[in-house]
């Protein structure tokens, strides 16, 4: 009787998307045909019931690869209408919104397209006006690529450093809350290593058989995994370029501009190329993906994030090409505006998915090694 009462109480507190994931997982747990596709299904088999914490954990463990959708005998148009990618995607959006900091800003996830647009317009206007205010004009004689003659170094360091740290801090505050609810135990070094390997290699975008995901149909492709790698490692190379340039400036006394074949410029150039190839490929795949695959309402968030990354790299490469011309001020203001828009939307856009997924991968590494000892905080 107590067990029945517990199930009734949990059913009342589940949202509609969470209740759908619970229904889908109950069917999948009875079938288990997809058990070898990814981490979601082995994690599912360790449960007979699916509470709120379990559902949010499994939803963020899902990589939206689509293999289970095309393999499922109960997928639409079957009357069971089992669509794991769609159900999981809808819960992921609720996860981001629920754990957003401050809480009121969680609503921005549901208007992600508008959020990205407003952030971009605001940032572009801000830096164009700053450039005009500091130099009196957007056009100027060539400055030999010296950005700091347009915007002082300390101003840029303060603006971008504070916004980036605040954005990451707000995002991490939500991820920590999420972690505490899905995992009552902390990780061990071996579990951290396994989760890191799975995240960095995107292991679960291989479809479980190494041939890749499904996109427009039931054909397998590794393109999504590869474009994700171009995007992630391109971003990390750009970040490394910033770190090296910061070290040059503060510790070695070497001030920008740096030659083309210097370490910061080469890292930034290679990263920029990765951030063109990767996002362009992901956008192409997003446009051709099956309508049954994922949550169509989230396409503005997905595409807005991809376009911001693409604009960041394109404007950065354009700035490098035009840094010795009288157009450098305009190019610099546009590039900085795009980067600022990206930073502003970090805690309220698609950027968050990587953090929540890594937390879920870590939970799975713990669970796989320790079984029921890993538990769920809500149990």
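Keep in mind that glycine also has a Cβ here, set from the backbone N, Cα and C atoms.
These come from Swiss-Prot:
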{"type": "BINDING", "residues": "28, 31, 34, 72", "note": "[4Fe-4S] cluster 1 binding site"}
{"type": "BINDING", "residues": "38, 62, 65, 68", "note": "[4Fe-4S] cluster 2 binding site"}
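Minimal Cβ crowding within 10 Å, among the binding-site residues 28, 38, 62, 65, 68, is found at 28. Closest to residue 65 ([4Fe-4S] cluster 2 binding site) by Cα-Cα distance, out of the binding-site residues 28, 31, 72, is 72. Within its own chain, residue 31 ([4Fe-4S] cluster 1 binding site) has 74 as residues 6 or more apart in sequence whose C-beta sits under 8 angstroms from its own. Around residue 34 ([4Fe-4S] cluster 1 binding site), a 10 Å sphere centred on its CB holds 18 further CB atoms from the protein chains shown. Close to the recorded [4Fe-4S] cluster 1 site, the chain also has 27, 32, 33, 41, 68, 71, 74, 82, 84: residues not among 28, 31, 34, 72 whose Cβ is within 8 Å of the site's Cβ mean position. When secondary structure is read from DSSP and collapsed to three states, residue 31 ([4Fe-4S] cluster 1 binding site) falls in the helix class. For residue 72 ([4Fe-4S] cluster 1 binding site), the same-chain residues 6+ apart in sequence whose C-beta sits under 8 angstroms from its C-beta are 33, 34, 82, 84.
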